[in-house]
Amino acid sequence: IVTVDCSDYPKPVCSPENMPVCGSDSKTYSNKCDFCNAVADSNGTLTLSHFGKC
């Protein structure tokens, strides 16, 4: 199982780093910060599919 530690999120501003991750919604998030903010917005229903683009 692939996981991302989102304990430090959500953050008001994410850095522009480009390290894509693929969410369970089949959307590519530009980095862990953007993904974790989306997890927070989804009330935990969004999960990580895999690292890299979807």
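Heads up, the Cβ atoms here are built off N, Cα and C, so glycines get one too.
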Quiz item: Between Cys14, Cys22, which residue forms the disulfide that Swiss-Prot gives for Cys33?
Solution: Cys14
Quiz prompt | All-chain count of other Cβ atoms within 10 Å of Cys14 (disulfide bond) | solution = 17
Quiz item: How many whole Å apart are the CA atoms of Cys14 (disulfide bond) and Cys36 (disulfide bond)?
Solution: 10
